[in-house]
Amino acid sequence: MGDERRLPGSAVGWLACGGLSLLANAWGILSVGAKQKKWKPLEFLLCTLAATHMLNVAVPIATYAVVQLWRQRPDYEWNEGLCKVFVSTFYTLTLATCFSVTSLSYHRMWMVRWPVNYRLSNAKKQAVHTVMGVWMVSFILSALPAVGWHDTSERFYTHGCRFIVAEIGLGFGVCFLLLVGGSLAMGAVCTAIALFQTLAVQVGRRADPRTFTVPTIVVEDTQGKRRSSIDGSESAKTSLQVTGLVATIVVIYDCFMGFPVLVVSFSSLRADASAPWMVLCVLWCSVTQALLLPVLLWACDRYRADLKAVWEKCMALMANDEDLEEEASLEGSIPPDLVLEHSLDYSYGGDFMALDKMTKYELSALEGGLPHLYPLRPLQEDKMQYLQIAIRACFLGFVFGCGVLLSFSQSSWNHFGWYVCSLSLFHYSEYLVTAVNNPKSLSLDSFLLNHSLEYTVAALSSWIEFTLENIFWPELKQITWLSATGLLMVVFGECLRKAAMFTAGSNFNHVVQNEKSDTHTLVTSGVYAWFRHPSYVGWFYWSIGTQVMLCNPICGVVYALTVWRFFRDRTEEEEISLIHFFGEDYLEYKRRVPTGLPFIKGVKVEL
């Protein structure tokens, strides 16, 4: 009982420390921005982590503290909705923080272990995709406790806001432990590799001061105007300083948040109960690690800015007076026409290369030692791509596993589990079938995870509609026959699309081809004898089936109209190329076989 009485007393401390943390992290973000001429992936991830801390102390922790203070008033009334908001936001931000720290350590390991690969890849784009994936996974898992993934006989928010994982449910608790534990392990491994590599490079430079470093590369047009740039090697001092900062952030998080949360969660699951000391431990650890990040940023000279610099940065942001040329510089990928001038000087003392459109050379030799410049040939196999593939495949496998758990749960979310399984299986099978059928066109984009912004917005909209309707009209989501019909549509669409991919073989590509290859042939057999565009027909019914499965009336209608319009334009665009490729043969095929899409006849040809 002593611990329970300490909760309202600690609430004032949470509010005070939370307010201080909010200001300190905001200062840290402005300080990082003021010290950097352009946003780089590492700084972007640091600022994302600081913003996550700000949200954590401003929403869930502040909400819980205010509720504890309200409980002391005689007119206090329990608010179930407020508890749901707290639990969802707290676990969303807790997981987002955990994943962000791991992403930071992985990014630093990549940067110091494979420096040339890092600079030749689109690191900024990958950092943005990482943040999007982190928040998507965190939101999906953490929204579940508030709407049904718990013991229905005694809901954890009925009488008080008991948010320790044992009170929510065994399924959520196990998934939470696996996610946090795996993230901590990966972060520790990446940090150890980054530290070892940084120290090894430092020792190597001291032993041989003439060791070649990756130069700064600047791309200019024929008029001498700067088009883009790629950063060169970090100085020894900067490399050691940044790696030390990232390692310290990981250690601080592990000690003050990661391991305490694991211990509390495991203890509560083992005892099948929660205790007030667990609440105190988790919340104070959250506030503490949020306070320490801006202190670490201030301690790092690379990101420490004075008041004048921060003020000037604020004024520039409000005036939108940023240097566009600096912001537009490349943070990774090299344009296809990147070439080196003949008047290149690559002495050991220099770290600058001017480039122009004259002669093509390969830059992969910069990975170690003095570069040997020779005519362009295919770059060596990208080792990091295997890791990226593994990460995406593991992510889809995890999502599929969560979908299976939801499908067999006794809650109103079981139909959403069907949807999650269908979605993850679709994206994984797209890559797998492409790898079997047409390996030459295989890339990370073959997963179709970054299909388009519209695709992402549509998926998020369907999740939001399902969540809101499940909260306010749960009976709408329990129409089993309608969900079963949607599942059949999804299975039909998936099978038809994959059959089309197998039938087309190497002729199938995720991108509409505007130039005919020597290997292109007109496929009219198999499912192509039924429909001219069977892969589009499959995807059309698959996408509508997902909304029927979720019993989403709004998104169901919007999806149907949107995908119909999309495939109408897509078939017309593709058929123009096909007529150009195959001429009269395709026109005859077009007269015999329908598109398979309702009310879509394809491009009109006037003879």
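Placement of Cβ uses the backbone N, Cα and C atoms for every residue, glycine included.
The following features are taken from TrEMBL:
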{"type": "DOMAIN", "residues": "24-297", "note": "domain 'G-protein coupled receptors family 1 profile'"}
{"type": "TRANSMEM", "residues": "12-32", "note": "transmembrane segment"}
{"type": "TRANSMEM", "residues": "44-65", "note": "transmembrane segment"}
{"type": "TRANSMEM", "residues": "85-106", "note": "transmembrane segment"}
{"type": "TRANSMEM", "residues": "127-148", "note": "transmembrane segment"}
{"type": "TRANSMEM", "residues": "168-196", "note": "transmembrane segment"}
{"type": "TRANSMEM", "residues": "242-263", "note": "transmembrane segment"}
{"type": "TRANSMEM", "residues": "275-299", "note": "transmembrane segment"}
{"type": "TRANSMEM", "residues": "389-408", "note": "transmembrane segment"}
{"type": "TRANSMEM", "residues": "539-561", "note": "transmembrane segment"}
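Averaged over the domain 'G-protein coupled receptors family 1 profile' (24-297), the predicted model reaches a pLDDT of 80. Long-range contacts of the transmembrane segment (242-263) within the same chain, counting only residues at least 6 positions beyond its ends with a Cβ under 8 Å from a Cβ of the stretch, are 42, 49, 94, 97-98, 101, 104-105, 108, 112, 177, 180-181, 183-184, 187-188, 191, 194-195, 198, 234, 281-282, 285-286, 288-289, 292-293, 296-297, 300, 302-303. Panel annotation: around the transmembrane segment (44-65), residues 10-12, 14-15, 17-19, 21-22, 25-26, 28-29, 32-33, 82, 85-86, 89-90, 93-94, 96-97, 100-101, 103-104, 107, 124, 127-128, 130-131, 161, 249, 283, 286-287, 289-290, 293-294, 297, 303 of the same chain, lying at least six beyond its termini, place a Cβ under 8 Å from a Cβ of the stretch.
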